[in-house]
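Novice: I have a structure here, written as structure tokens, and I will follow up with some questions on it.
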Amino acid sequence: MDSYFSAKNSTLAGDMNATWPASHGFNATGDPPSMSITRLFPALLECFGIVLCGYIAGRANIITSTQAKGLGNFVSRFALPALLFKNMVVLNFSNVDWAFLYSVLIGKASVFFIVCVLTLLVASPESRFSKAGLFPIFATQSNDFALGYPIVEALYQSTYPEYLQYIYLVAPISLMMLNPIGFIFCEIQKSKDTQNASQNKAKIVGLGFLRVLQNPIVFMVFVGIAFNFILDKKIPVYMENFLDGLANSFSGSALFYLGLTMVGKIRRLKKSAFVVLTLLITAKLLVLPLLCREMVELLDKGDSVVNHTSLSNYAFLYGVFPVAPGVAIFATQFNMEVEIITSGMVISTFVSAPIMYVSAWLLTFPTMDAKPLAYAIQNVSFDISIISLVSLIWSLSILLLSKKYKQLPHMLTANLLIAQTIVCAGMMIWNFVKEKNFVGQILVFVLLYSSLYSTYLWTGLLAVSLFLLKKRESVQLPVGIIIISGWGIPALLVGVLLITGKHNGDSIDSAFFYGKEQMITTAVTLFCSILIAGVSLMCMNRTTQAGHYEGFGQSQNHKPVEPGSTAFEENPAPTNEPELFPSSIPETSCCSCSLGNGELRCPSIEPVTNSSASGPMPSSFEKTDHCVSRCDSQSCILAQEEEQYLQSGDPQLTRHVLLCLLLIIGLFANLSSCLWWLFNHETGRLYVELQFFCAVFNFGQGFISFGIFGLDKHLIILPFKRRLEFLWNNKEAAADRESPVSEEIKMTCQQFVHYHRDLCIRNIVRERRCGAKTSAGTFCGCDLVNWLIEVGLASDRGEAVIYGDRLVQGGVIQHITNEYEFRDEYLFYRFLQKSPEQSPPARTLRDHQEESYKEIGHSSPPSVSPKT
């Protein structure tokens, strides 16, 4: 947090205070604020808490993606239309400020056309029109109803309740006027892709407008306006309760569905996608709010100065609302730019929360005096530090319990998290240090700023480490030097500052404790870290052979196996990347998976006809399995390989790249703050908001780390899910002691054994050595998931995992050491011997089933990577 507040610059503060009139958007008159800030944080907690619950439900596979479609249909086809119809019927158009509406519309149109033109100029010819159609919609369409309305209601319900109705007017107007242009571009791209250049231009335009009319938001707005005049702004009693029931169900279900749709959206992104995402999110969350606010300032000349200022502030907050999920639906319908749009929707949703909080805080602040603002920033920093400290302790515990801190790059990430933890603790201690306690201030300052500079520097060092990890077949990663630099250089800088700097004893702000010298030191540290991180990430992109990053939790570069660590010999890999599981069996790896383009891929599931040692198992599988008892994890080679994979097989490069990019954004904000203070004494409203943003970033970095590393699927989410299921099953078992396995699981297992088991064994089971003289017929969890999807027993990977878990509970399959539940990962499982009651039915039915499998196998697409 780099602030200008100090007694040394009191004259500057006075001049600054004189240049901030009410027209700048702040309440500088001492009048009551135009919005209720006390209700904002509970509203944000409510909205994002429900979103998080939905995300956890999807991540833990409690609700699969197929099941989530039902909730999505209810939200879009019943709850939202009822909400729109109800509010459009009772809307009083005589109270609407139409100047405000067209000002916001002009602001959105400006961003739309800027993004569209720049995309047409820069994008490659192959996908120019699809990008020019979807990117402007992404930058202008907000999540007005699910996220926007609860926040506007919390802020303005008690002061300007009429502002709530603008939500229902701005969204459909922009949809009707801007979205058709984007749809027309997408139809043009669709025509080019199908090589149908002769398609009628009028038909393309008509299809664009037809998609708009099919949108339930637009359709129900027209119907609601018509009934507004027919019913004279009053809903009949017999309809009111029915509409209320549907409309009231929208908010919670829509937010929960939003969380469900976020699972697995950040997937394989091309090397330029992160740059595109950064630009689009900047346009949506920064450029759009500023333009909307300035348009209202220029065009809406109301009679009341207070109301005019409040409307301009409202326009800014409206622009900060995150991207609507509907944009991802449009991208999926056209099958264009799906990865960028869906990933951007997820990121913008969570980035918008702190921006909304900071903006609303500033817009309601009663005065622009320097001293109260400095205390306000201190209070915000203290509050955020408390919550961030808890998040960081949780994230560090995850790294320790999962033992990921022993591997790279998590070892370096742990150092970053420790530095962030010390920053939060230092800020909390600084808040209690007396201003007259010089020694105490010096000691806490050293603790606070040596760790803060360390977080700045660790961003660059982590990016360098990621680049070196990509190149480590030719470059050895100097871990010791990096760790010493990450802690030693910041300590050295603070020591030099203590010796050469001039202490400002009257400052209550730690960011200006040593005045100009401290600002220069901070700026140099930030610039160096940004430069190092930026260059490293660009070089890392250039060295990525496949031209894409992998999704969260997926492996992209694996730690090489040390010689002699297992009894298997290393085979030549098709790329320069080391193999995850080396094998002595020449024709296949131990996991039936191969490395291609730097990533693990499971092969397509089809019958193998070779007669190698690792060939497919015969249907009489039980007779050839020599290791039928549970393996000892201490001696079983396969179990040792699993342990090696779990500890070092997933460096989570995409998570680390995303962490670096988000931290670089905060570093840019801090650098801008320093340079603004050093070279421009004409501070203004944007500068003050920049200070709050810097405070939120510096002491809230723990939220970023928690979001990326704190929700470990297998260490947190799935065990919590299993614990709930255990407690629930205990209650059911108390009522029925004789049925430990549910009838549903029994039925699933019986059907699988009777109709699918033998064919599944022939397709995916491979015989692998598990000891010096023993072998076992095993398969990977991801192999079974792929097979279940291809033969139609599951519609997606989530349902396939549920199916596999039922087979484990029913005793059909088992993990080789019986230590893990069924996972969509490279873990080894075996089929258990058939029990006497599992005898198959007539052979003719099985033959018919196999015939249908063969037809599916010939037409099935290549398998996809496992979901983690």
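Cβ atoms here come from the backbone N, Cα and C positions, even for glycine.
As listed in Swiss-Prot for this protein:
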- F41, Y55, G264, K265, I266, R655: cholesterol binding site (BINDING)
- 844-857: compositional bias 'Basic and acidic residues' (COMPBIAS)
- 755-833: domain 'DEP' (DOMAIN)
- 1-368: region 'PIN-like transporter' (REGION)
- 378-715: region 'GPCR' (REGION)
- 550-582: region 'Disordered' (REGION)
- 836-868: region 'Disordered' (REGION)
- 1-36: topological domain 'Lumenal' (TOPO_DOM)
- 58-77: topological domain 'Cytoplasmic' (TOPO_DOM)
- 99-102: topological domain 'Lumenal' (TOPO_DOM)
- 124-131: topological domain 'Cytoplasmic' (TOPO_DOM)
- 153-165: topological domain 'Lumenal' (TOPO_DOM)
- 187-211: topological domain 'Cytoplasmic' (TOPO_DOM)
- 233-241: topological domain 'Lumenal' (TOPO_DOM)
- 263-271: topological domain 'Cytoplasmic' (TOPO_DOM)
- 293-313: topological domain 'Lumenal' (TOPO_DOM)
- 335-344: topological domain 'Cytoplasmic' (TOPO_DOM)
- 366-379: topological domain 'Lumenal' (TOPO_DOM)
- 401-412: topological domain 'Cytoplasmic' (TOPO_DOM)
- 458-478: topological domain 'Cytoplasmic' (TOPO_DOM)
- 500-518: topological domain 'Lumenal' (TOPO_DOM)
- 540-658: topological domain 'Cytoplasmic' (TOPO_DOM)
- 680-689: topological domain 'Lumenal' (TOPO_DOM)
- 711-868: topological domain 'Cytoplasmic' (TOPO_DOM)
- 37-57: transmembrane segment (TRANSMEM)
- 103-123: transmembrane segment (TRANSMEM)
- 132-152: transmembrane segment (TRANSMEM)
- 166-186: transmembrane segment (TRANSMEM)
- 212-232: transmembrane segment (TRANSMEM)
- 314-334: transmembrane segment (TRANSMEM)
- 345-365: transmembrane segment (TRANSMEM)
- 413-433: transmembrane segment (TRANSMEM)
- 437-457: transmembrane segment (TRANSMEM)
- 519-539: transmembrane segment (TRANSMEM)
- 659-679: transmembrane segment (TRANSMEM)
- 690-710: transmembrane segment (TRANSMEM)
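Give me the local environment of each listed feature.
Specialist: Listed in sequence order, Y357 are the same-chain residues at least 6 apart in sequence whose CB falls under 8 Å from the CB of F41 (cholesterol binding site). Under the three-state DSSP scheme, F41 (cholesterol binding site) falls in the helix class.
Listed by sequence, the residues of this chain that lie at least six past the ends of the topological domain 'Lumenal' (99-102) yet keep a Cβ under 8 A from its Cβ atoms are 166, 169-170, 173, 296, 299-302, 311, 315.
Only residues 6 or more beyond the boundaries of the topological domain 'Cytoplasmic' (124-131), in the same chain, are considered here, and those with a CB under 8 A from a CB of the stretch are 185-186, 188-189, 192, 334, 336-337.
Averaged across the topological domain 'Lumenal' (153-165), the predicted model reaches a pLDDT of 81.
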Novice: List, in sequence order, the same-chain residues at least six positions removed whose CB sits under 8 Å from that of Y55 (cholesterol binding site)?
Specialist: G259, L260, M262, V263
Novice: Could you give me three numbers for the topological domain 'Lumenal' (233-241), the DSSP helix, strand and coil residue counts?
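Specialist: Per DSSP, the residues of the topological domain 'Lumenal' (233-241) fall into 5 helix, 0 strand, 4 coil.
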Novice: Other than its close neighbours in sequence, what residues sit by the transmembrane segment (314-334), given a CB gap under 8 Å and a spacing of at least six beyond its ends?
Specialist: 25, 100, 103-104, 107, 130, 133-134, 137-138, 141-144, 146-148, 151-152, 155-156, 160, 163, 166, 170, 182-183, 186, 189-190, 211, 215, 257-258, 261, 265, 284-285, 288-293, 295-296, 341-342, 344-345, 348-349, 351-352, 355-356, 359-360, 363
Novice: Can you find at least 3 Cβ pairs under 8 Å between the transmembrane segment (690-710) and the transmembrane segment (345-365), where each pair is 6 or more residues apart in sequence?
Specialist: yes
Novice: What's the number of neighbouring CB atoms sitting within 10 A of the CB on R655 (cholesterol binding site)?
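Specialist: Here the count is 23.
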